[in-house]
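First the structure, in the form of structure tokens, and then the observations on it.
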Amino acid sequence: MHPAGAAAAGTPRQPSKRRIPVSPPGMADPHQLFDDTSSAQSRGFGAQRGPGGLGYPAAAASPQEAFLADPVSNMAMAYGSSLAAQGKELVDKNIDRFIPVTKLKYYFAVDTMYVGKKLGLLFFPYLHQVSAAHRGTGAGWGQPLGQVWGAGWEEPSSGDPACPPLSPQDWEVQYQQDTPVAPRFDINAPDLYIPAMAFITYILVAGLALGTQDRFSPDLLGLQASSALAWLTLEVLAILLSLYLLTVNTDLTTIDLVAFLGYKYVGMIGGVLMGLLFGKVGYYLVLGWCCVSIFVFMIRTLRLKILAEAAAQGVPVRGARNQLRMYLTMAVAAAQPLLMYWLTFHLVR
């Protein structure tokens, strides 16, 4: 037996050590399926300590704070603010050129009493009688003009022969220091509240009528609204062109025309609703009444605007120019029933 073998046999065998690969500090664990991103964030935030030294990570400065800390950015922000202020001031000065906001406020100065009286006037213009002491407040409002305008206004007596019960002044818009009285104080004053609400209600009623007939579609409802607006625009443009060609000196403005022409939607709503409830018979009866009413209303209202001097003095219309103005008034009034029928007859079946 060899001594080397004997020595090997007498010494116990040491277990072999397995070499475990050690990954570099910058590398992830090779046995890990997903990267641990939390450790990187912990290391990143752990590098910065709070000012108190408690070991909490300090919040990093946001890009907005870093931008605001720059003096150049502060100057840019101050310059931008000054430009914005100048632009707002410029818009406020010139906005009345394109959108008469101040004038529009006048046409929406209404109240519940005015709306009720005005709707009654649109349906029953034949009963419109305003006493001389209550002309500025509308029929039956019960508030004399002296209380509305001040004690300096002299009220004419009801027995004055120059102020008959059905004189043109019964339909004339009243003024206070060359400014028309707000609609809530004068039932004869035009407003935009009733035409705007009537137009929206007309579109809703048209959609209801189309829905009951299984013909409703957004495209058809949009076509109904756009056609009504198109006809209203054509009416206003045609009247303005006629007034220009006839050289009519009137205080009738474009907004006044929109208001007067928009009153026909009230009768259209009544006709379509009666058509839905009682069929074509109810539609033709109510629409016919509303057509006659709007015709009378437009005649008595527009003649004071187009034939102001002749109507105020009670002088019969003479001369070719005045006759043309009267024909224009009749044409505008007669166009309202035609358009009322044209925009509603297909909604009732």
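Placed from the backbone N, Cα and C atoms, the Cβ positions cover glycine too.
Pulled from TrEMBL:
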- 1-48: region 'Disordered' (REGION)
- 192-211: transmembrane segment (TRANSMEM)
- 223-245: transmembrane segment (TRANSMEM)
- 257-277: transmembrane segment (TRANSMEM)
- 283-303: transmembrane segment (TRANSMEM)
- 324-343: transmembrane segment (TRANSMEM)
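Long-range neighbours of the transmembrane segment (324-343) within the same chain, counting only residues 6 or more positions beyond its ends whose Cβ lies under 8 Å from a Cβ of the stretch, are 224, 227-228, 231, 235, 239, 242-243, 246, 248, 261, 264, 267-268, 271, 287, 290-292, 294-295, 298-299, 302-303, 306-307, 317. Nonlocal intrachain contacts for the transmembrane segment (257-277), taken as residues 6+ away from its ends with a CB within less than 8 angstroms of a stretch CB, comprise 107, 119, 122-123, 190-192, 194-196, 198-199, 201-202, 205-206, 208-209, 212, 228, 232, 235-236, 239-240, 283, 285-287, 290-291, 293-294, 297-298, 301-302, 336, 339-340, 343-344, 347-348.
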